[in-house]
Amino acid sequence: MTLPSTFKRYFRLFFDIHEDRIRYAKEYVEDLHRQARLLHYPGSIIGTFVWLGFALDTDRKLHPEFPELFYFRIGLSLLSSFFLISIAIDKFARTQLRGKGLEWAYILFVYLLNVTAFFTGRIADDPNYVSGLQIVVMSMVFMPFPRKALILLYSVSILSFVSAVFLYHPNLSTDQASYSMQNLAISYLLAFFSGFIVERYRFSNFVSHFKILEKNREISENMEQIQGLKEKQDGDYFLTSLLLDPLIAKKTESGPIQIDFALNQYKKFSFREKEYELGGDYLSAYDLTLQGKKFKAFINGDAMGKSIQGAGGALVLGAVYNSVIIRSKMDPDSANRSPERWLKDCFTDLQKVFETFDGSMLVSAVLGLVEESTGTLYYLNIEHPWLVIYRDGKASFIDPETHFYKLGVGGIHGQVFVKVFQMKPGDKVFCGSDGKDDLILDANFEGKRKINEDETEFLRRVEEAKGELSEIEDLLLAVGSFSDDYSLLSIRFTGTPSTPIEQDRFSRAKKAALSNDFVGALTIYEETNGKNELSSEELKLFARLLDKTGKISQALSKALQALTEDPADHELLLYTSLLSKRTYSQTKDPSLLKKAEELGERFRLRFPDHVKNLIHLADVYRLQGNLNRAVFLIERAGELDPKNERVKELKELLRS
């Protein structure tokens, strides 16, 4: 590789020149113009008055030998006043005297920064005026300038300052002057790099999403730096805790779903006379909107390893999960996914990142979504302790099984499937790391410890605490001491109960349906339909009665309504998908096939090996013309049920 090409490659890396910057360069500059326009009015007001006190009073008292300071100061006021006049003219005459936006900022800061640098250089032996230059230098960090402009403006201002020093020879030999010069140099250095960081963050927000693989590269570099600091002591822990703490966040609004955290990392350390903690447990919760419905997205993770090793895994977990959340909020495609699809994609993104560490970084976790309107809980348990439900004063496990290996285990190609649990008003669900179970019950003088092995101990403490998060930790500590990081997340559903079943009506309709009198059963509901709200169970029965009497379109409408009320009903989900396909066969509306596909794929994410659904989905894709997907699904159905006649028929149909 030649020297010019090597220099060019490192230049591009240093200045973050990649495809997105090239692709969106024009649009990005337009956005910077927009941001600068927002600053025109307040910036001009500030610029008009900010230096008047110095010009009319302070400068004369402190530096009577330097009368030119008055003109420097008044110059900023006049320039800002001109911009205020330009703003008024632009508004009423619809002109563009002040340019698109950045021109105003360039002119103002070229004057402000260079004039301040020049007259400060002349009196550089006065620390008060040097500190004024520091303020101006740091303020430019927050201006919406491209990187080239930042470099140029800072470089020219440094040249102005140095030129004034050489021209006027201020006394820089004093201790005060030396101290001021060091602070000024630090200010320039901080402003330079802070400007780069702020500009990069601004650009990232402009681009609609983050690419996980690019984030992985950045995270890996950060992890290498953290690993390089592994041999250090409290300073290393402090640095890591600074990186990790902002990622542990609960950014949720109040509503029918209330989420609370408890976190007690095992490693405690002091740094500069303050106490901190560090560990591998991670918690986070955010508001999220998917397909127009409000959800609470949460995660509880436990990274393998103690102290800084575990914190490294939690740091990666938090960084990737936060990037997924941000992408979901910014990208319309991500926000239009079903909760099951969102969880699978989130799991896939996390797994891809952790696989790159070749098994050196493993994490157990629970990923979840809770629908606010219904209290429906969707979750993936990735070799994490079982979820606990506290209902009516009793605590019990939800689905006491583990279905996946830890994040980062390579060579695992198992199918991902989402578990669904329907919460009731007043329910509390707890999700926590194994620190809540691994209590030290006893320890002797030789250091041998007796560790709790009773997984139901936690259930008893939840019941004793009546589901109160803060009291659970106190009660656990009354039994023993923590041997590991402790994290616990509680989800409380305070929504209103669902519409109750009208028992008399429901019983009469069901009795008629069991007697095959579907028309009579349907009449019972058609007579009352619209007068009273129907419960989800009645809506399901209503839909099936309409189906039985040949009113498929109406049946689909009621089934979709029931599914909105009770999204956790697996059978209803599949039935509604089948109804959508059958309605398509009558109306030939392609949107019905898309609905059948969406619902069928949601069911498949809950039950990936359900043969009937695989056959149904394969047929849907066949009707849509997606033959590759149809063949893949029907082959899977054939592996599960080789003798199924419908599988054979569909295979023949796909071959023809």
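Cβ from N, Cα, C; glycine included.
Pulled from TrEMBL, these are the features on record:
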- 38-58: transmembrane segment (TRANSMEM)
- 70-89: transmembrane segment (TRANSMEM)
- 101-123: transmembrane segment (TRANSMEM)
- 152-169: transmembrane segment (TRANSMEM)
- 181-198: transmembrane segment (TRANSMEM)
- 263-493: domain 'PPM-type phosphatase' (DOMAIN)
- 611-644: repeat 'TPR' (REPEAT)
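Below 8 A, the CB atoms of the transmembrane segment (101-123) and the transmembrane segment (181-198) form no more than two pairs separated by six or more positions in the chain, fewer than 3 in all. Summed and averaged per residue, pLDDT over the repeat 'TPR' (611-644) gives 91.
In terms of DSSP helix, strand and coil, the repeat 'TPR' (611-644) has 28 helix, 0 strand, 6 coil.
Counting Cβ pairs closer than 8 Å and at least 6 residues apart in sequence, the transmembrane segment (70-89) and the transmembrane segment (38-58) reach three or more and so form a contact.
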